[in-house]
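**Student:** Dumping the structure here so I can ask a few things about it.
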Amino acid sequence: MSGYILAIDQGTTSTRSMLFDRNMRVVGLGQQEFTQHFPSSGWVEHDAEEIWKSVQSTIRIALAQAGISAADVAAIGITNQRETTVVWDRISGKPVHRAIVWQDRRTAQFCDELKRRNLEPLFTEKTGLLLDPYFSGTKLAWLLNHVPGLRERAQKGQVCFGTIDSWLIYKLTGGKAHVTDATNASRTLIYHIGENRWDDELLDILGIPAAMLPEVKDCAADFGMTDPALFGVSIPILGVAGDQQAAVIGNACFEPGMMKSTYGTGCFALLNTGTDRVTSSNRLLTTIAYRLDGVTTYALEGSIFIAGAAVQWLRDEMGFISVASEVSALAEKADPNQRIYLVPAFTGLGAPYWDAEARGAIFGLTRGTGRAEFARAALESVAYQTFDLLEAMQGDWKGATNHTVLRVDGGMVASDWTMQRLADILNAPVDRPVFLETTVLGAAWLAASRAGIWPDRKGFSERWQRDCRFEPAMPEKERESAIAGWRDSVSRCLTRPQ
């Protein structure tokens with residue numbers, strides 16, 4: 001049986017390759033971690049060649065596990081860590097520097113300089129993003145300013161810039177394709193999301209030559225054919241999306257007003273706003289959710305820095321649990337009469353506060369506070385931060401209502417207790433899918449639908465399966481009191497008034 005779909009999920013700490021059959025069942029999986037480099041405080045880098053090797057390795061593992069050959073694969077879909085920046089030689093394919101990862105903060109001072117020049121409104125108007133080191137544009141500017149001779153080579157078209165998807169497509173096609181998709185382009189700080197083009201004015205401000213930029217395609221498109229020297233056959237690459245946008249697709253959030261939230265180390269929530277390119281007044285990001293058949297669908301995005309990382313903190317630094325899976329059972333034992341708040345601003349606060357200098361704190365401690373109360377506070381902090389995002393989205397866009405259903409994925413959502421508390425605090429239903437690997441599923445659907453093997457959007461949405469719906473059950477007075485306590489706690493951690 002042919003018609004298998006290969007989905008590559010290139011993440012921040014590991015690479016996974018997953019094979020799906022025609023019935024959307026997983027038949028093979030390869031996973032491999034790779035090295036994290038920290039050359040200086042606040043700097044994070046990856047070896048792009050090591051990432052490429054991990055992709056090749058995991059593909060071979062997945063094929064072997066499935067017991068099929070590459071000739072049985074009908075199409076490839078790719079999803080990737082967003083914003084991470086690679087520059088490589090157009091002829092040799094060799095990177096000129098290690099990839100600068102999305103977490104890297106080396107361009108913070110440069111971003112501050114641009115803000116002092118009052119340029120943030122211009123960048124936000126065109127890209128939907130904020131002037132922050134998080135995004136690719138200032139990382140690329142740093143490389144052009146610090147790698148000897150790179151600017152001249154870029155002006156001559158001798159080097160290529162790309163996010164990880166672009167780098168992998170270049171390598172998979174044997175250097176024949178220098179392309180990206182609209183979702184990854186929308187995270188670079190140099191792409192006009194309203195006009196769907198690289199923006200000359202922003203390129204000029206950052207000093208980036210247009211000759212080094214990839215062609216931007218729809219998320220489901222012909223991105224090129226794999227080099228037959230790699231796997232013995234040429235396989236079409238037909239789908240690409242950044243990881244959070246791929247999760248929107250994998251959760252079948254195709255209608256305006258649908259929202260997904262991914263809970264891993266941090267949390268990323270995206271709200272589908274349809275063709276409305278909403279400008280946030282609450283410092284949320286406006287981004288491209290996906291572009292299909294030439295039609296751009298937008299989203300509001302909010303990011304939380306600390307979600308599952310709060311549980312890791314309880315385990316690794318506090319020693320309250322030995323494994324992360326213990327935390328829910330421990331939280332259930334907490335004294336309901338104690339109201340403890342953990343504001344997990346270990347690395348500042350993300351949306352909608354964007355306070356990099358804020359630091360974590362715990363409020364409400366009594367002599368009776370113990371491990372169980374800490375566990376509950378850590379899990380509740382995720383719910384409260386998600387509430388902050390949803391409230392900001394409702395303030396920005398009329399389509400976000402109290403009837404919004406949140407579809408969730410990521411490691412934390414396996415906990416029934418956490419999901420119920422999330423529904424209670426949001427006062428909104430929370431849907432957990434049967435298949436939790438929605439990011440890689442989204443990449444697979446893009447490729448499979450383009451190949452005509454899997455159903456279209458409507459058919460895929462109908463096949464999306466819910467494992468459980470968590471309905472809000474907390475009395476309104478209790479909920480309002482809990483949220484008031486959270487707001488008071490956050491206000492004490494902020495370094496500037498909101």
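Even glycines carry a Cβ here, placed using N, Cα and C.
OK, Swiss-Prot features for this one:
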BINDING   Thr12, Arg16, Thr265, Gly308, Gly411  ADP binding site
BINDING   Thr12, Arg82, Glu83, Tyr134, Asp243  sn-glycerol 3-phosphate binding site
BINDING   Thr12, Thr13, Ser14, Thr265, Gly308, Gln312, Gly411  ATP binding site
BINDING   Arg82, Glu83, Tyr134, Asp243, Gln244  glycerol binding site
**Student:** Which residues, in sequence order, are found in the same chain with Cβ within 8 Å of the centroid defined by the Cβ atoms of Thr12, Arg82, Glu83, Tyr134, Asp243 at the sn-glycerol 3-phosphate site, excluding those residues themselves?
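**Tutor:** Sorted by sequence, the hits are Gln81, Thr84, Val101, Trp102, Arg187, Gly242, Gln244.
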**Student:** At 10 angstroms around each C-beta, which of the binding-site residues Gly308, Gly411 has the fewest other C-beta atoms nearby?
**Tutor:** Gly411
**Student:** In whole Å, note down how far the CA of Gly308 (ADP binding site) lies from the CA of Ser14 (ATP binding site).
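**Tutor:** So the Cα of Gly308 (ADP binding site) lies 17 Å away from that of Ser14 (ATP binding site).
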**Student:** Given the binding-site residues Arg82, Glu83, Asp243, Gln244, Gln312, which lie close to Thr265 (ADP binding site), meaning Cα to Cα within 10 A?
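**Tutor:** Checking Cα-Cα distances against Thr265 (ADP binding site), the binding-site residues within 10 Å turn out to be Gln312.
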**Student:** Just going by other Cβ atoms within 10 Å, which of the binding-site residues Thr13, Gln244 has the emptiest spot?
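**Tutor:** Checked Thr13, Gln244; of these binding-site residues, fewest Cβ neighbours within 10 Å: Thr13.
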**Student:** Please report how many Å separate the Cα atom of Arg82 (sn-glycerol 3-phosphate binding site) from that of Arg16 (ADP binding site), as a whole number.
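**Tutor:** Arg82 (sn-glycerol 3-phosphate binding site) to Arg16 (ADP binding site), Cα-Cα distance: 16 Å.
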**Student:** Give the sequence-ordered set of same-chain residues, not counting Arg82, Glu83, Tyr134, Asp243, Gln244, with Cβ within 8 Å of the centre of the Cβ atoms defining the glycerol site.
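**Tutor:** Other same-chain residues near the glycerol site: Gln81, Thr84, Trp102, Arg187, Gly242, Phe268.
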**Student:** Taking Arg16, Arg82 as the binding-site residues to compare, which has the smallest set of other Cβ atoms within 10 Å?
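**Tutor:** Looking at the binding-site residues Arg16, Arg82, the Cβ with the fewest others within 10 Å is that of Arg16.
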**Student:** Could you check which of the binding-site residues (Thr13, Tyr134, Asp243) sits closest to Gly308 (ADP binding site), going Cα to Cα?
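**Tutor:** Spatially nearest to Gly308 (ADP binding site) by Cα position is Thr13.
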